[in-house]
Amino acid sequence: MPLVPVSVLLREAAVEGYAVGAFNCSNLEIVQAIVAAAEAEKAPVIMQASQGAIKYAGVDYIAAMVRVAARGARVPVALHLDHGTSFDQVVRCLVAGFSSVMIDGSHLPLEQNIALTRRVVSAARPVGVSVEAELGRIGGVEDDIAVTDREAFFTDPEEARYFVEQTGVDSLAVAIGTAHGRYKGEPRLDFDRLTRIKELVPVPLVLHGASGVPDEAIREAIRRGVRKINIDTNIREAFVGAVRHKLDENPQEIDPRKILGPAREAAIEVIREKMRVFGCSGKVRG
Ligand SMILES: O=C(CO)COP(=O)(O)O
Ligand SMILES: O=C[C@H](O)COP(=O)(O)O
Ligand SMILES: [Zn+2]
Ligand SMILES: [Zn+2]
């Protein structure tokens, strides 16, 4: 199947009340693991490329791998730019054939975030590419936010309503207590805020930093309107854990396929588990 825009997948998710998994990829094995998991679970799926992935593999390699994976798949696949940094980067992704982009202007003053996001929407919409934006700041690797001023960076519901109205984005990433990377303690999500945002904002909401968030909290977030959930860290842990295990077992191994093959299998397992929690398993019929 050709790549589908994220907005199409999220629209169906909203009708049935589940969330679609968005999994980060930057190499062949993880691309293959994501599509294999989606096929095994009969789930729609989003593959996304972070800034680190683009630096590592390049936009064209990622687009080519994902296009091949999607072509042979019996489930719908989207390719999404994760935390896009500039208008130019978005254009490069549009040219490379991405079906969806995120523009992350969350570090900018509100009106500048609006202006940048609008510009991206006006370039992407005519070519059928959907746009995600971010309001509030999601902590972790991309931001140095101290725990004490965490809440000051949470998404303001009224501002979210205004932002979506002004920009016309297809989906919105919200800051409600999650962070990228590994959590030190258990994350506490501001569910009341999520509900308030959902009441005021007509587009699907996106949860970043979902690795390590307990399954029950994920389910609650979905009940309250989250429709796209980003997972990177949990895949890295499974993948690299398997590499480590293999090398401990056989330190003499020099065949990369014998090391990366089991890592790919470990990634498939963790992705399948997430899909079951997100409720997207079994949603592709036929
Ligand atoms: O939000 C993410 C990518 O945008 C990934 O979050 P994790 O680090 O929790 O996997
Ligand atoms: O955007 C969130 C990613 O998990 C960070 O990814 P990166 O290190 O590949 O840029
Ligand atoms: Zn951000
Ligand atoms: Zn993110």
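Cβ coordinates come from backbone N, Cα and C, glycine included.
Of the residues H208, H245, TrEMBL places H208 in the same Zn(2+) 1 site as H83, H180.
In the record from TrEMBL, residues G209, A210, S211, N230, I231, D232, T233 bind dihydroxyacetone phosphate; the candidate from G181, G185, G261 listed for the same site is G181. D104 (Zn(2+) 2 binding site) and S211 (dihydroxyacetone phosphate binding site) have their C-alpha atoms 20 Å apart, to the nearest angstrom.
In the three-state DSSP reading, H180 (Zn(2+) 1 binding site) counts as coil.
According to DSSP, T233 (dihydroxyacetone phosphate binding site) is assigned to a helical segment.
A distance of 15 Å separates the Cα atom of T233 (dihydroxyacetone phosphate binding site) from that of H83 (Zn(2+) 1 binding site).
Between the CA atoms of S211 (dihydroxyacetone phosphate binding site) and E134 (Zn(2+) 2 binding site) there is a gap of 18 Å.
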